[in-house]
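Novice: Straight out of Swiss-Prot:
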LIPID     C167  S-palmitoyl cysteine
LIPID     C168  S-palmitoyl cysteine
REGION    29-49  region 'Disordered'
TOPO_DOM  1-154  topological domain 'Extracellular'
TOPO_DOM  176-200  topological domain 'Cytoplasmic'
TOPO_DOM  222-228  topological domain 'Extracellular'
TRANSMEM  155-175  transmembrane segment
TRANSMEM  201-221  transmembrane segment
Amino acid sequence: MREGKRGPPCILSFRGTLERVEAQWELEAQGPGQCPAPLGDPASTTDGAQEARVPLDGAFWIPRPPAGSPKGCFACVSKPPALQAPAAPAPEPSASPPMAPTLFPMESKSSKTDSVRAAGAPPACKHLAEKKTMTNPTTVIEVYPDTTEVNDYYLWSIFNFVYLNFCCLGFIALAYSLKVRDKKLLNDLNGAVEDAKTARLFNITSSALAASCIILVFIFLRYPLTDY
């Protein structure tokens, strides 16, 4: 038999317009100088049977969005397709042999259902996640300082007003003591402290001046002016 010479391999490439498909395959001619007919023309039948076509090598396809109503909030659905997040590709089936069963420690039912739900559920909308993470409005309780420690000098003011009311200083001290009580009821700690200091000052002044007058009176009574 005469063996024919094998010519150079012919490369047939095409570019599809649907879904931006780009593919290229190689076909080897059966006889010398023969190439397969272009796409759409009938192939030559005089050269014998041709080899089977090699499947597309290097072709890639853009997955179409799944049919059905889109899931998510209105803000996510209303976005144009270009701005929406691409769907995660489905995992390819692996041809590896089945693995031996592995034993794991027992888990609670709630944690198991949560892990299965997190692994199999599609990614939730970020707007829904933000709504779920929003906390309820908290009630603010104002804690006022303890005003019972503020001394109003009320008894001291009454004593000075009744017995040692020198130049009405005891009356003024009593008025400030009453103001301290009112501000303690209103939870005004700063005002109560200031009025308490003022009442104390007037009580000290009234007591000192009244005591000085009493001492002078006793001195003049013990040593009258006629002795000098």
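Cβ coordinates are placed from backbone N, Cα and C, and glycine is handled just like the others.
Show me how these features fit into the shown structure, please.
Specialist: DSSP gives C167 (S-palmitoyl cysteine) a helix state.
In this chain, none of the residues that are 6 or more apart from C168 (S-palmitoyl cysteine) has a CB less than 8 Å from its CB.
Mean per-residue pLDDT, taken over the topological domain 'Extracellular' (222-228), amounts to 74.
Under 8 Å from some Cβ of the transmembrane segment (155-175) lie the Cβ atoms of residues 199, 202-203, 205-207, 209-211, 213, all in the same chain and six or more residues away from its ends.
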Novice: With DSSP as the reference, give the number of residues of the topological domain 'Cytoplasmic' (176-200) in helix, strand and coil.
Specialist: 22 helix, 0 strand, 3 coil
Novice: Inside 10 Å of the Cβ of C167 (S-palmitoyl cysteine), count up the other Cβ atoms and send me the figure.
Specialist: 11
